[in-house]
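Okay, so here's the structure we're looking at.
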Amino acid sequence: MITVYEKTFDANEWFVIANLILSGILIWKLPKVISAIESAAHFTYGIFIGMFFDHTISIKPWDFYDVNDTSAYQFIDFLSYVMYGPYSYFFIYLYVKFRIAGYKNIFYVTAWTLFAVLIEWFAVKIGVFHYDKGYHMAWSFPVYMSMQTIQIIFYHVHIKLEKSR
Amino acid sequence: MALPAAIVISLYTVLVFYFQKKPLSFLQNSIVFMIITIAAKNYTTIMTLQLKLFKLTEDSLLFLFFLLHRDIIGPVIVLIFINVFLGTATWKKKVFIFIGMFLSLQLMDILSLLFAVVTYTKWKLLYAGIANSAFLIFGLGLAGGVKYLNREHSV
């Protein structure tokens with residue numbers, strides 16, 4: 001059975017669209033610090049991870065939460081996953097720009113995790129996510145932390161392999 | 001039985017990919033893998049939730065079979081295909097590898113049916129075959145795209 005939370009085009013839809021437009025402009029305007037293929041890989045990584053979790057734990061048999069206005073899969077849901085792309089791009093963009101290394105990695109991941117949880121909290125408040133089915137936001141902290149750590153490992157593995165080619 | 005089988009198949013698939021010769025770089029393969037997985041997730045979610053053409057199991061353990069199939073076995077088979085395809089000169093071998101990888105994808109769909117991971121309501125193996133061929137061809141298209149991105153970088 002499909003659960004309907006609301007039917008209007010309001011805050012949650014605008015949040016997704018504004019996020020996409022503003023981040024798109026920012027990506028376009030900012031000076032490039034990583035190559036086109038690296039940008040594509042890290043942008044895709046965010047979408048890939050967002051979709052992995054949402055298409056795994058928000059569908060049956062687990063089905064812990066819903067996204068946007070209904071429990072059905074809508075186009076705005078797809079856009080809300082694309083929204084993760086710019087965040088993962090900026091994550092690695094600033095990582096390279098500020099030459100994060102050593103223990104700074106821990107602070108960097110912690111700061112981004114807190115930022116991601118804050119954005120998610122806001123998204124829950126305006127109705128992008130609905131956690132009435134048992135999901136608790138406390139889980140998001142380790143999820144963001146591990147996915148960002150994997151992204152850093154992914155970046156370093158790529159750099160190492162590229163040098164050895 | 002279903003989950004151990006899926007784990008073993010996943011391991012063999014990943015091992016074959018790991019040891020094969022790869023004309024595409026790590027980053028290029030990663031992009032293709034992620035986009036194929038994104039497409040596979042959307043494909044299965046739309047087919048099950050929206051169009052209700054087939055039903056997914058509600059058993060948590062069997063669902064893990066589905067996840068391994070959707071997120072590892074299928075996309076890695078596409079990667080194996082495009083890397084062999086791009087590294088092969090003759091069209092005879094290219095067609096042979098297409099048929100081989102197509103049959104591997106079909107076999108996974110047959111196993112999903114046999115283990116009751118999916119139940120076809122308005123769906124057929126023939127349609128699944130068309131979708132599997134589309135995934136293989138889509139993979140080739142993506143490989144062309146990421147090769148172009150790399151050229152842009154090296155210019």
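Keep in mind that glycine also has a Cβ here, set from the backbone N, Cα and C atoms.
Annotated transmembrane segment per TrEMBL: B:31-49 (among others), in sequence order.
Feature annotation from TrEMBL assigns transmembrane segment to B:61-89 (among others). Remote same-chain partners of the transmembrane segment (B:61-89), defined as residues 6 or more beyond its termini with a Cβ less than 8 Å from a stretch Cβ, comprise 2-3, 5-7, 9-10, 13-14, 16-17, 20-24, 29, 32-33, 36-37, 40-41, 44, 97-98, 101, 104-105, 108, 112, 115-118, 135-136, 138-140, 142-143.
Long-range Cβ contacts of the transmembrane segment (B:95-118) within its own chain (Cβ-Cβ under 8 Å, at least 6 residues beyond either end) map to 1-2, 5, 9, 54-57, 62-63, 65-66, 69, 73-74, 77-78, 80-81, 84-85, 88, 125, 128-129, 132-133, 135-136. The transmembrane segment annotation in TrEMBL covers B:95-118 (among others).
The transmembrane segment annotation in TrEMBL covers B:125-146 (among others).
Among residues of the same chain six or more beyond the transmembrane segment (B:31-49), those with a C-beta under 8 A of the stretch's C-beta atoms are 24, 55-56, 66, 70-71, 74-76, 78-79, 82, 123, 131, 135, 138-139, 142-143, 146, 149. Cβ atoms under 8 Å from those of the transmembrane segment (B:125-146) belong to residues 24, 27-28, 31-32, 35-36, 39-40, 43, 53, 74, 78-79, 81-82, 85-86, 98, 101-102, 105-106, 109-110, 113 of the same chain, restricted to positions at least 6 beyond its ends.
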